[in-house]
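J.: Pasting a structure below so you can have a look.
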Amino acid sequence: MDPTAPNSGGDHAAGADATGPTNTTVTLPPLTLRDVPRLPSALASPSPAVPNPISRHPYYHPPSTFYISPGDVSLRHAFFDLASAAPSPLVAYRRAGPRRDLAVDPARARAALVTCGGLCPGLNTVLRELVVGLHELYGVRDVFGVAAGYRGFYGGDEDHVRLDPAAVDDWHKKGGTVLKTTRGGFDLGKIVDGIVARGYTQVYAIGGDGTMRGAVAIFQEFKRRGLNISITGIPKTVDNDIGIIDRSFGFQTAVEIAQQAIDAAHVEAVSAVNGIGLVKLMGRSTGHIALHATLSSRDVDCCLIPEIDFYLEGKGGLFEFLYERIKKKGHAVIVVAEGAGQELIPRTDDQKREQDESGNIVFLDVGPWLKSELGRWWKREHSDELLTVKYIDPTYMIRAVPANATDNLYCTLLAHSAIHGVMAGFTGFVPGPINGTYSYIPLEDIAVAKNPVDVNDHKWAWVRSVTSQPDFLKSQA
């Protein structure tokens, strides 16, 4: 029964006009707070609270609503099925933001910032805003950039660079990461020993899912050793494949640059006889960039992502569809995510076992393979007709550009949310927006949470309606 329907037993007034607005009281399921860990010192016997120095800022006087209440939470899900017979429990997280009283004395803080893994638009913005926020908001003067990823923690003095607002002033205008980055090199004991030896009390780790898993291990080692050191992860993945949070930074910039590549492929396709523009976009396990760029472009005829299976030849296959589209329009544009169709590409035994420095299976290059297979099929089936295929791979253009305005703002909010959480005595957490509300999520949740494209939701249905591409379901004859 729908508890929101008129006359369903709710608190509707007798004789209320159901054709107008009505009020219905509904009892929601129990709420579970998924809380983040705290520093040992924050859990110890009560000590005098440290007033937030923002309250004494010479130019900014925070209003009464500026500080986050200890009871403020955000809900994991923004919509609920009130008619469900067995509604799921509600999960909540602590709201991110500044606290009136701190559990950390900023004068004693010593912060380390590190970037790990591949490049992503916004890395330098996050670094800049962490440095500026620590200095200007909380008066932290000992802030260091750790070069070369996690291995930099057990590197030499040259891998630990003191940073201040003047040093990072224009970093947000640069692509890449000024601190340098690497994959691998994760030696837990040596990393934690290096952190302790240099007296760091706060660690800000910026990276993707591998970096988050590393941060979980570091947090657990801090806990095992009884160390009063905070660690927070700021999730970075241009593919937007980290779950729980609304999106990862750099994603919107990636979609913007990807659309430029699609525009170029479209020009090449329409300028040739029987022209096909083929664009490979980033997306190992998820197709969010390809999906959003396709929706933004409206020039794409087929979008292939890791979450859907497809086949090349035969009725209902990709090549038949492309031939029909070319006969109708004179050209076609294909967007393929790098993780799509991997099961179709022949592999040697060595290739099946090959992994990169982060332990990921090495993907074969779907773009050139698809171009080759298409050309071979066309020559066999339509040898008397011309075909021109232009292949564009903008991967490193996308990774290397500075963040756009939207991502720059987002990176600032993430950095400041991380600082506020650390100063409040939280550790082992990730800041991020959940349904638009910035929240603190346990690191271990983020490290395992995935964000695949839901091919059953409206967004993928919009892609299908824009491209009119087949569903690639083989008939069960």
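Cβ coordinates are placed from backbone N, Cα and C, and glycine is handled just like the others.
Feature table excerpt (TrEMBL):
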- Asp239: active site, proton acceptor (ACT_SITE)
- Gly118, Arg183, Gly184, Gly208, Asp209, Gly210, Thr211: ATP binding site (BINDING)
- Asp209: Mg(2+) binding site (BINDING)
- Thr237, Val238, Asp239, Met282, Gly283, Arg284, Glu338, Tyr396, Met397, Ile398, Arg399: substrate binding site (BINDING)
- 9-30: compositional bias 'Low complexity' (COMPBIAS)
- 111-420: domain 'Phosphofructokinase' (DOMAIN)
J.: Going by Cα-Cα distance, pick out whichever of the recorded positions Thr237, Asp239, Gly283, Glu338, Met397 is nearest to Thr211 (ATP binding site).
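T.: Of the recorded positions Thr237, Asp239, Gly283, Glu338, Met397, Thr237 has its Cα closest to that of Thr211 (ATP binding site).
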J.: Measuring C-alpha to C-alpha, could you say which of the binding-site residues Thr237, Gly283, Glu338, Met397, Arg399 are within 10 Å of Gly118 (ATP binding site)?
T.: Thr237, Arg399
J.: Could you check the recorded positions Asp209, Asp239, Glu338 and say which one's CB has the most other CB atoms within 10 Å?
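T.: Counting every other Cβ within 10 Å of each candidate, the maximum falls on Asp239.
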J.: Taking every protein chain in this structure into account, which of the binding-site residues Gly118, Gly184 has the most other Cβ atoms within 10 Å of its Cβ?
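T.: Going through Gly118, Gly184 one by one, the largest Cβ count within 10 Å is at Gly118.
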J.: Might you list, by sequence position, any residue in that chain lying six or more from Met397 (substrate binding site) with a Cβ less than 8 Å away from its Cβ?
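T.: The list for Met397 (substrate binding site) reads Ile257, Ala261, given in order along the sequence.
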J.: What does the structure give for the C-alpha distance between Asp209 (ATP binding site) and Asp239 (active site, proton acceptor)? Integer Å is fine.
T.: 11
J.: Which whole number of Å gives the largest C-alpha distance between any two of Thr237, Val238, Asp239, Met282, Gly283, Arg284, Glu338, Tyr396, Met397, Ile398, Arg399, the residues noted as binding substrate?
T.: 17
J.: I'd like the number of other C-beta atoms within 10 A of the C-beta of Thr211 (ATP binding site), please.
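T.: A 10 Å sphere around the Cβ of Thr211 (ATP binding site) contains 27 other Cβ atoms.
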J.: Validating a neighbour-count step here. Other CB atoms within 10 A of the CB of Arg399 (substrate binding site): how many?
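T.: For Arg399 (substrate binding site), the 10 Å Cβ neighbour count is 20.
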J.: How far apart, in angstrom, are the most distant Cα atoms among the ATP-binding residues Gly118, Arg183, Gly184, Gly208, Asp209, Gly210, Thr211?
T.: 13
